[in-house]
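Under the heading compositional bias 'Acidic residues', TrEMBL lists 365-381. Per TrEMBL, the feature domain 'Amino acid transporter transmembrane' maps to 16-451. Taken from TrEMBL, the feature region 'Disordered' covers 365-386. Residues or ranges marked as transmembrane segment in TrEMBL: 12-34, 40-70, 114-134, 173-195, 207-224, 236-254, 275-300, 320-345, 392-412, 418-440, 467-488.
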Amino acid sequence: MQSNTDSSASGTYSQTVGLLYVFNLIVGTGALALPKAFQTAGWLLSISLLTFSAFMSYVAATFVIEALSVANAVLSKKRRVEYDDVVVADGPSSFEISKKVEVSEMASMFLSKVSLVFSYFAIIVYLFGDLAIYSTTVPKSAMNIVCSTINASTVKPTDTCHANWPEFMTRMAVYRVFVIIFVVVVCLPMVIAGITKTRHIQIMTTLSRWAAFILMISLATVQLSSEGAAAHPPAYNFHGFGSLFGCAVYAFMCHHSIPSLITPMRTKDHVFGKIAVVYGIVGVFYFTLSLTGAFTFAHVQDIYTLNFLHDDNTSFVYSLIDYFLALFPIITLTSSYPIIALTLINNFKVVKDILCPKTGQENESLLEEDNQTDDNDTDDERETRTARGERSIFDVLVPIIVLALPTFLSLLTDDMLLLASITGSFPGVAVQFAIPCLLVSAARKHARSVLNFPVPRRNNSPFQSPVWIILISCWSLFSMIMVLLNLVGVKF
């Protein structure tokens, strides 16, 4: 995890580039589950719910940006107190977003210990779900490439991978083999080595993402216009509400990374309005992808790219495109898995320090990495050796838990739609809605009572009324209840 850093230290970019990064961050893996959710829940219900969920997500995103401006004002005041020779002015200028303050560090600034532990717990559970989705999507894509490409609507997990293979080599068995290979052989060494995404990998995944989504929309549109609709989803099916809502939350998740993308922008003029435009473009993008898929294919797969691997076009060009789309999740998610795992490990370390603080240790920022020198140790060598032994055991157990639990979930089920809906519906609601509401409420109170200066208008979220926080809270509670009812099989 990184501490707050000046944007100039990590490089700046134009506002247009920053908004493009926001677009790329939002449009990710969650989009691959939306067409299936649209076909299950019905086109009218899907459009309505996705639109409302996107709007609520945007409101929460503006809350994070406002809290970020208050966090910058807090750091400015701290610098003025600590360094007599540094001139930091009070007033609107101190609220300018010039230093990156991550969401978890803002939580440590503004929230109580109970709210802080809740925030980290929600982030940890969400990241576990993220890893489970990754360790399901990649092996399932690999299995479908290796096994025979029979018609998607007739595929069963108990079918043999190929007709001439032994009966025990079913599609599910091959999938589970790929789960073990992906986690143990591919990802575990990268997690141990601490490998993070390089600039070249980032460029490659961005280009492949754009190419894949444009190809899926184009191919489905061509097939729909030439062959007509293969499926006719109903206008609404409330039994599909749970999976649709979870996927909608997961598909618009960007709040935990907003500080990293907004801070380096050279100018933040009209940033709220421009992010609204980005949300609108993403919404149109999702509608186009999901509606074309829901009507083009009689049976939409939970990983939408697999529908193109099983289509009827057998020319070389189509085969090349089909296999590229099937490989797309493997390329992008394999590079992202170690980053999520390392982030999860760091969050575990922070929670451990919150719940079991070390005696005599300074109450440092909760985002600082757990790098402690021997100068901070006590004089008693026996206590020092014990502490080091505990850290050693902790450092071994946490990576095992971080990798083992998502892997176990992936071995139990290959239903990516189920994992995405659960991850988005419960921990996703906390990360996307609850934490931003807690942050902005506490940050506004801190600005008035401690900084003695209201948040300037240009840094204010357009949604200042407490009614918005109440509305988001009610929407989240209602949606989680609906999801829970759907999961236990209640019919509507």
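Just so you know, glycine gets a Cβ as well, placed from its N, Cα and C.
It should be emphasised that the depicted structure is a prediction, and the values quoted were computed from it without experimental measurement.
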Q. Which residues, given as numbers and ranges, are at least 6 beyond the ends of the transmembrane segment (207-224) yet have a Cβ under 8 Å from it?
A. 24, 27-28, 31, 285, 288-289, 292-293, 295-297, 304-305, 308, 311, 321, 324-325, 328, 331-332
Q) When only pairs 6 or more apart in sequence are counted, do the transmembrane segment (114-134) and the transmembrane segment (392-412) reach 3 or more Cβ pairs under 8 Å? A) yes
Q. Where, among 40-70, 173-195, 236-254, 275-300, 418-440, do we find the most CB pairs under 8 A to the transmembrane segment (467-488)?
A. 418-440
Q.
Give the nonlocal contacts of the transmembrane segment (418-440) in its own chain as ranges (CB under 8 Å, at least six residues past its ends).
A. 29-30, 33, 37, 56-57, 60-61, 63-64, 66-67, 103, 106-107, 110-111, 115, 118-119, 122-123, 125-126, 128-130, 132-133, 136, 242-253, 255-256, 302, 409, 461, 469, 472-473, 475-476, 479-480, 483, 487
**Q.** Candidates 12-34, 40-70, 275-300, 320-345; stretch with most C-beta pairs under 8 Å toward the transmembrane segment (173-195)
**A.** 320-345
Q. Counting only pairs 6 or more apart in sequence, are there at least 3 Cβ pairs under 8 Å between the transmembrane segment (40-70) and the transmembrane segment (392-412)?
A. no
Q) Cβ under 8 Å to the transmembrane segment (320-345), counting only same-chain residues 6 or more beyond its ends: which ones? A) 1, 28-29, 32, 124, 127-128, 130-131, 134-135, 137-138, 141-142, 144-145, 182, 186-187, 190-191, 194-197, 201, 204-205, 208-209, 211-212, 215-216, 219, 303, 305-306, 308-309, 311, 313, 398-399, 402-403
